């Protein structure tokens, strides 16, 4: 019984010691925040079935909802079962700058369960730079000595020794241990190993993690880190020499099939081509109490899966501008930052939940000198527009009658039916509605008149045939060009003038005293290549085309538009065709007989009058 109590006590004591190596626990939440050059970032790890929500507090304690807002410079990434990230710029809303030059932001954190109930809530004050850690751009943005292009720069998670490579970029990996501050060795003028001396670790403030910033480029790995049993991943390095491989932070063994490969550590490579490569080994993951399958990039909003995954390694090779990588411009340097984190696998039992996974978070940083990038003179040629898709479809057309030849005003619906004298001009316009493509052109095919509102009513009289004035009319229809100066889309209009006429009954040749309606069939044309959308009415081809068909054979495949109303005629006289000779010989004789009868009547009247005059005399 005594041994059992001893074992239980030992486990309870040992567990906090192990967890203390990775994070500081505080009742409520496990969280951490970082101070950057232009802003601060809060990272909160939720418990199972929790979703983290953020609010900010002003100086009076009022709470305000936090959303992705470019005006307040707030950004939030919060998903169930994943770490929640809240980023705020130093010039963002409710960020206060104190007299000591530090920025303060009060954040209210609450964990919400799936049923909507708030499980835990806590206030956190973010202070940047941190009181016990002064962050300056010069502390990690020191430019390299002799820039050389096209060399990837790497850094390992556990640098035992290292030296600075010549190149235009820096890399940094930040491990999250409790306030372990490395003391850099004095700079050396000659290339060689530079080993950071690490003082004895001491615990910091509960509820936050302090950063151990390890700035080095091209870390040489110890031989024990290069003992990779299987599943070697070739290192991305230019050249195949041992020196180039080691400068890239990789292992070299000329006895192997791939002599340059990644070691048992975390390797970061930053490339001037716009990519970074992050490689983590299974041995490193197990050392930190995490599973390699649970490692991912923290800032990726929709997930950014590894480009390669084996039983021994996981590889991320992604563009610098993707996967949630943050970019900052500090002076003449570009800083790209992201984090490699691991999810906690929780096992739920009938009476509680446990986990055997540690908490792992690694801050990665790529730094480039912007002045080292060469300018590019580019000429941008706009691609050819795609060929138009031609197919049948509805068109909105309108036929209207103008009040005069200027086509500046038009009759309204209440003005119909119009009354016109024979041979008086009628000004007709057809236009395309609800189209703004200047390349479209309205094409008239057939225009005709009928005595009713039906376009198929008989009799009919053609006005335009195949887009040209009907040649069988002695009063030829006159086409009127659209005014390009006043019309925004002049090709959407067609205008013509006709002389007023009345339709005759086909059998009696009597004038129809009803009204006349006008119709036109039309389509929209879009020129392709050397083709045009104009109609030529003076060529032999056009005359042949016009005489080869009739409007009744084409109107069913086209859109038909009609006039808003009819044109009527008052007291239309009975007309005879000019070529008719019916009863032409008898009509003069009838007139002579009528004149003779009238003369006889008048003569009789005169004789009677004279007789009465003589009698009185």
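Placed from the backbone N, Cα and C atoms, the Cβ positions cover glycine too.
Cross-referencing 568-588, 589-609 with Swiss-Prot places the feature transmembrane segment at 589-609. Checking the candidates 21, 53, 223, 412 against Swiss-Prot, the annotation pyrrolidone carboxylic acid falls on 21. Checking Swiss-Prot for region 'Disordered' across the ranges 139-158, 159-178, 179-198 points to 179-198. Rounded to a whole value, the Cα-Cα separation of residue 251 (disulfide bond) and residue 447 (disulfide bond) is 86 Å. Using a 10 Å Cα-Cα cut-off around residue 250 (disulfide bond), the disulfide-bonded residues 226, 260, 468 reduce to 226, 260. When the Cα atoms are compared, residue 260 (disulfide bond) and residue 235 (disulfide bond) turn out to be 6 Å apart. When secondary structure is read from DSSP and collapsed to three states, residue 226 (disulfide bond) falls in the helix class.
Proximity note: of the listed disulfide-bonded residues (226, 245, 447, 468), 245 have a CA within 10 Å of the CA of residue 235 (disulfide bond), given in sequence order.
Taken residue by residue with DSSP, residue 245 (disulfide bond) is part of a helix. Counting Cβ atoms from all protein chains shown, residue 251 (disulfide bond) has 26 others lying within 10 Å of its own Cβ.
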